[in-house]
Amino acid sequence: MARRVSTRRRVIVTAIAWAVAFLIFFPILWTFLTSFKTEGEAVATPPHFLFFNWTLENYIEVNERSDYFLHFMNSVVISVGSTVLGLIIAIPAAWSMAFVPGKRTKDVLMWMLSTKMLPPVGVLIPIFLLFKNTGLMDTRTGLVIILTLIDLPIIVWMLYTYFKEIPGEILEAARMDGAGLREEVIHILTPMAIPGIASTLLLNVILAWNEAFWTLNLTAANAAPLTAFIASYSSPEGLFYAKLSAASMMAIAPILILGWFSQKQLVRGLTFGAVK
Amino acid sequence: MKFRALAGACVLGLTASGAMAETTITVATVNNGDMIRMQGLMDDFYAAHPDIKVNWVTMEENVLRQKVTTDVATKAGQYDVMTIGTYEVPIWGKQGWLVALDDLPDSYDVNDLLPAIRSGLTVDDHLYALPFYGESSFTMYRKDLMEKAGLTMPEDPTWADIEKAAAAMTDKEAGIYGICLRGKAGWGENMAFLSAMDNSMGGRWFDMDWNPQFNTPEWKNTLTTYLNLMNEYGPPGASSNGFNENLALFQQGKCGMWMDATVAASFVTNPKDSKVADQVGFAMAPHKDGVAKNGNWLWAWTLAIPAGTQKEDAAKTFIEWATSKEYTALVASKEGWANVPPGTRTSLYENPDYTSAAPFADLTLKSINAADPKSPSVQDVPYTGVQFVAIPEFQAIGTAVGQQFSAALAGQITADQALQNAQSLTEREMKKAGYIK
């Protein structure tokens, strides 16, 4: 018999859920509102919530001052490029670890994850010098490579846990029917793992889109993505919150929309995958 | 014959394309009003120099500092022009990281640069950067509140005058605080103010043997006066206030006085953002009675060329244009005299158009001239810099000391503890760096 939930309890739980959701969403809402204020209103005390002179001047100024499209395209190329490259490397790796584990597979997995525990700034200087000497500085190629390497452990871990969910017997049955390795991976494994691969892809595009340490440090004028676009609107002397908010909204809008449409996959990826 | 004609045409073509070749220079810069304005006025530069294209990379101050430092130290060559401050220029110049600018054309009129600013950018008689905009600090106060309290602000106030005015103007119930000062920790935040304030109390950062001076009566006087002013008459939560937070408070009419960068004057007198635009008066930064140094700092954002750039000539052409009298005139004609980058040239302050458009011009110039980076204190010092010490170790030390003083302002430790911690941590770092044997 299903548990009976009283109406009162349901109302309370729903109210709490909405309150928590609002709390989490509030910074984005506030950024959104601030982006339509003047600089003076953005810092007014007490703050104005909805009743102020809504203006588009910040968006106009940001568009005049910066090349949004260049930064946007850089973000797209870098985040999609690094994720696809990462998947190409990670799918075979995760397959072998999930279905033909060796004696040290667990150790290899742990070692891969341990690379994420090092603070990135610890390897900034060596990577910076490597980039400088190989001509990768301020290029999209360079950023695709570095972000692939940075996110690879997460991609492998997520795929590994998805593949583990697939019963090995199905693959065995396929082999009994005469399927080779190629057929096995393409016709049996991949279709079953598509939801997992899709959520890995989405999550990593988001991670790469938001990555701000390497993208800020290894770019100048040509390959700078939207993170650098936002950073350029912070000012040491003079009010900047409204313009910064407008720039932030323009930078997060594409990924917010992508996240909105794919939230079902994303939630599955987050609760089911490696980052449980 | 045909072949020869073809070869000739090729040579001609090559020469022509060589002459037309465009040099692209990349300029790393900070996000402030004057720099952004220049990006909008580049058509004038392109008209005069069609062979040079300028790529801008605008960054937040801390990001800029980190990126240009890494770039210049590893000779990565990503930037052909860097926007750096008066803190970096002497250090980098000495390291040989910057191109010396000794062969400026006569038309540039290098002798027109303000002596205090020029001296901060000169190492061993070589000029290493051209100043784009310069600032000092001074006192901004509310004329209406002073009048209500029955007081007048002297042009050159002492700390005692300031305390008296702060007490008279404070009305916490009405949300008006007598004084707003920087409290946020950082070498360029609260320590810029407190180092300059210590100069005005007769103190200094180091003696001639590089021993830190936080155990002297001058520093104790500085910190206790500051804490007393802020605790009694300052706004709540001041330990997280920097320039922008205080600017917002002052513009909203919450502060009686504010001692900060002279560049703030144009913001607080702008009626678009400031509620108190027509009520702001200006005075020098305060000093202790009997000490001949005021608590005002000296800072300039400058344009410098990293040594080893392949495009030195184009970079020089650009920075000479950006810091020239012609550029000032261009801004004035397009955006008005109140918007020209201040604080770099004597001629600007002799221009009646400017002085009438900027009522704070006179005191800005006086403040800049009153700051001497080579001799910031009444006592002798072994370093260059008014509100900083131009040694590579200072950023880390200054910020660590700033954290102690910010903690004292937040009430987490006492003034004595903060000074003691500052003394021991500075001593440790200076020994490690080899200044103290």
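Using the three backbone atoms N, Cα and C, a Cβ is placed for every residue, glycine included.
Copied from TrEMBL, the annotated features are:
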TRANSMEM  A:12-33  transmembrane segment
TRANSMEM  A:72-96  transmembrane segment
DOMAIN    A:72-262  domain 'ABC transmembrane type-1'
TRANSMEM  A:108-131  transmembrane segment
TRANSMEM  A:143-163  transmembrane segment
TRANSMEM  A:184-207  transmembrane segment
TRANSMEM  A:240-261  transmembrane segment
Distal contacts, the transmembrane segment (A:108-131) - CB-CB under 8 A, six or more residues away:
97, 137, 142, 146, 150, 152-154, 156-157, 160, 213-214, 217-218
Using a cut-off of under 8 Å between C-beta atoms, tell me which stretch among A:12-33, A:184-207, A:240-261 contacts the transmembrane segment (A:72-96) the most.
A:184-207
Six or more residues out from either end of the transmembrane segment (A:184-207), which same-chain residues have a Cβ under 8 Å from its Cβ atoms?
79-80, 82-84, 86-87, 91-92, 95, 151, 154-155, 158-159, 162-163, 165-166, 170-171, 174-175, 255, 258-259, 262, 265-266, 268-270, 272-273
Near the transmembrane segment (A:240-261), which residues from the same chain, at least 6 beyond its ends, have a CB less than 8 A from one of its CBs?
28, 31-32, 34-35, 37-39, 41-43, 58-59, 61-62, 66, 68, 71-72, 75, 202, 205-206, 209-210, 226-227, 229-230, 232-234
